[in-house]
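A.B. asks: For reference, TrEMBL lists these features for the protein:
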- 45-167: domain 'Autophagy-related protein 16' (DOMAIN)
- 50-183: coiled coil (COILED)
- 220-261: repeat 'WD' (REPEAT)
- 262-303: repeat 'WD' (REPEAT)
- 304-346: repeat 'WD' (REPEAT)
- 355-387: repeat 'WD' (REPEAT)
- 447-475: repeat 'WD' (REPEAT)
- 476-508: repeat 'WD' (REPEAT)
Amino acid sequence: SREVLAREAINHALKALKKRHLIEEGAHAPAYIALSRPIISQGSEWKEKAENLEMELQQCYKAQSRLSEQLVVEVAESRALKASLQEKETAIAELEKELNQTRDECSQLKTDLEEKIRALELLMIEHQELKAQLEQMAIKAKNAEAENKMLVDRWMLQKMQDAERLNEANALYEDMIERLKASGLEKLAREQVDGIVRRSEEGAEFFAESTVPSVCSHRINAHEGGCASILFEYNSGKLISGGQDRSVKMWDTSTGSLTHNLSGCLGSVLDLAITHDNRFVIAASSSNNLFVWDVSSGRIRHTLTGHTDKVCAVDVSKVSSRHVVSAAYDRTIKVWDLQKGYCTNTIIFHSNCNALCFSTDGLTICSGHVDGNLRLWDIRTGKLLSEVAAHSLPITSISLSRNGNVVLTSGRDNVHNLFDGRSLEACGTFRATGNRVASNWSRSCISPDDNYIAAGSADGSICIWSISKADIVSTLKEHTAPVLSCTWSGLGKPLASADKNGIVCTWT
């Protein structure tokens, strides 16, 4: 330390002075010799030497003073350095402690890392095994797809043959009808529905032949923002429409005038249904609810809640006006009791349903889904009875023929197919160049006499096919926006259509 160094410096200085004093004593030896000389003769020399020695002694005192001052300064600096050294030693001890802790943490992290590396190696091995399994499954799936394609091709060939046979049967049926007319049994043919002769039976529906429309009789600005659903009252020329402006309106098609305005819906109307006694109108809404109006009073009778997403399809039983079925984008199909006003059964399925309808016996439901499949359900148990791959893209519409034997489906693949209502076997396929389905809820229809199909297109046209001839018999052009819905009056005419701009046209 500096204090020790200072002490050593002082001792060294004292030794030097003592040595110098001894040297000076040796130097003064001549003076002792001169003592033998007379004092008077040597007095001046002694005096001079004494003065010199006094001056040297003063210089020694000055040097000693300087060394003392330097010693004091160095002692103070030594103490300051000692305090600083203690602080640094304390800091070093703390750093050593932190270093030990860090080493312990590093050791623990190293252990954890080794465990993670071993776990990662196990995962990599499992990944390789799963990858190998996936490759095997991909090979199996590819083989199954090829086999499925071959089976589908064989199935489609068989169905085309069945459709040809059905067309031949339809031709024979038409020929038979013509013969019946010629033999004076036209009235009997008009009364025949579902193979049962109905003359005065209560509740029998009026049967009339449909005519191919060609003229737009009325162009109605029905709704703002688009009209997605229209339908006729049973055995009536009154038309019901629902649009994005959250309103449901009833029109007299003979004059094109508005007769009723049913308000209270909280969302866009995506589909409509009416009971067979024409008493209640049901609307499927984007507000996740169904609204039931009493037509006579114009007031809401029920608000059916239970769906958790927009309701896109609704239908009423053909047997009882009490049961209603609906489908929503929450992957559910619900059955409702209108008298009680609540849900009685819920069917949950992985693919959303875009369209549905009741069978004529009211015991089954036919539904069209986003995955392109047509499915048949038991309304009482909710079990899936059968299904068929009807389209390669989502189904947008399902329409049941008047006798209930045939189901018409339309899809985003721009194809319109006919299926047997019970076995779901294909009966016919209809398509046309330029006829493109406009939305996921574009509705097509079958004429009341089951002879024609009408479907709107994204270019604003409406194509009408003859079922027996499997060919287009008319193309109607009046709309300037994509046509979203078509429906035929049960009286045989008129045909009504609605487009994305909210325009409704009636055709005769």
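Just so it is clear, glycine is given a Cβ too, placed from its N, Cα and C backbone atoms.
Note that the structure is predicted; figures quoted are calculated from it, not measured.
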A.B. asks: Which residues of the same chain, at least 6 past either end of the repeat 'WD' (447-475), have a Cβ under 8 Å from a Cβ in it?
C.D. replies: 163, 167, 170-171, 174, 207-210, 212-214, 401-403, 406, 408, 410, 416, 418, 428, 430, 432, 434-438, 481-486, 488-492, 495, 497, 499, 507
A.B. asks: Given the cut-off of 8 Å on Cβ pairs that are 6 or more apart in sequence, determine whether the repeat 'WD' (220-261) and the repeat 'WD' (355-387) share at least 3 such pairs.
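C.D. replies: In this chain the repeat 'WD' (220-261) does not contact the repeat 'WD' (355-387) - fewer than 3 Cβ pairs sit under 8 Å.
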A.B. asks: Where else in the chain does the repeat 'WD' (304-346) make close Cβ contacts, counting only residues six or more beyond its ends and a cut-off under 8 Å?
C.D. replies: 267, 270-277, 279-280, 282-292, 352-362, 365, 367, 377, 379-380, 382, 404, 440-441
A.B. asks: When you scan the chain for residues with a C-beta under 8 Å from the repeat 'WD' (355-387), skipping those not six or more beyond its ends, what do you find?
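C.D. replies: Long-range Cβ neighbours of the repeat 'WD' (355-387): 194, 271, 312-313, 315-320, 323, 325-327, 333, 335, 345-347, 349, 393-400, 403-404, 407, 409, 411, 413, 419, 421, 423-424, 440-441, 443.
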A.B. asks: What counts of helix, strand and coil residues does DSSP assign across the repeat 'WD' (355-387)?
C.D. replies: 0 helix, 20 strand, 13 coil
